[in-house]
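Chemist: Once you've had a glance at the structure underneath, I'll fire off some questions.
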Amino acid sequence: MRLYFTRHGKTEWNEQGRFQGMNGDSPLLPTSFTQIRALGNHLKDIPFVAVYSSPSQRARQTAEGIVQQWQNSVPIYYDSNLREMGYGKLEGKSIAEMHAHYGETLNNMRHHLDLYDPTVFTGETVAVMLKRMTKTITEAASQYNDPILFVGHGASMTAAVQFLAGKDTADLRNMGGLKNNSLSILKTKDKKIPYKLTLWNDVSFLP
């Protein structure tokens, strides 16, 4: 079976360079809806049986916009385990400004997750985030034999997809982070980890 993954559309805080995280949220940009429709049309001939989405507004609107492009009615399940990594006190703050205070920690967040320790700003650890993300993804995969789409966030989904593909924590960011409305695919025959990564961060279909 194939598991499809996409990151939500670009938001105002993405544009402004602000942390969103688990509890922070901001509206999608008007141009994001055009990209969401393009993604939905790109996927419309795939026989999805379910969509799992983070309940954050930016992910929810992305999931709904994708499914609206399909002829068949496919259920959307909102699961809090698919939310973005928790950034604690950083949520809503300028990324550039926070680098001045937490430069080494934020560099580890982006490049060396095995060294990342968010205790200083009460953020969520990588281990906790991976546990909740992979729980929902693997449980969903065990229920179906047909394609499933997951709609989530940049940091948490990047890490989860790479982890499920067999990467160690130190290597989860080696291929970069997921772009907004990009498409990635994991394939599995026996539903046992590791899954096979067959597509990563594709945006070739976007206008």
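From the backbone N, Cα and C atoms, a Cβ is placed for every residue, glycine too.
On a predicted model such as this, the values are computed, not experimentally measured, just so you know.
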Chemist: According to TrEMBL, ARG7, HIS8, GLY9, LYS10, THR11, GLU12, TRP13, ASN14, GLU84, MET85, GLY86, TYR87 bind substrate; which one of ARG37, ARG58, ARG60 is annotated to that same site?
Modeler: ARG58
Chemist: Could you tell me which of these recorded positions, HIS8, THR11, MET85, TYR87, has the greatest number of Cβ atoms within 10 Å of its own Cβ?
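Modeler: The residue with the most neighbouring Cβ atoms within 10 Å is HIS8.
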Chemist: Write down the Cα-Cα distance for GLU84 (active site, proton donor/acceptor) and TRP13 (substrate binding site), rounded and given in Å.
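Modeler: Spelling it out, the Cα of TRP13 (substrate binding site) and the Cα of GLU84 (active site, proton donor/acceptor) are 14 Å apart.
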Chemist: Going by DSSP, is ARG58 (substrate binding site) part of a helix, a strand, or coil?
Modeler: helix
Chemist: Cα distance, ARG7 (substrate binding site) to GLU84 (active site, proton donor/acceptor), nearest Å?
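Modeler: GLU84 (active site, proton donor/acceptor) to ARG7 (substrate binding site), Cα-Cα distance: 10 Å.
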Chemist: About how far apart, in whole Å, are the alpha carbons (Cα) of TYR87 (substrate binding site) and HIS8 (active site, tele-phosphohistidine intermediate)?
Modeler: 18
Chemist: Counting only residues 6+ away in sequence within the same chain, which have a CB under 8 Å from the CB of ARG58 (substrate binding site)?
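Modeler: Those within reach of ARG58 (substrate binding site), by Cβ under 8 Å and sequence separation of 6 or more, are HIS8, GLY9, THR11, GLN20, ASP25, SER26, PRO27, LEU28.
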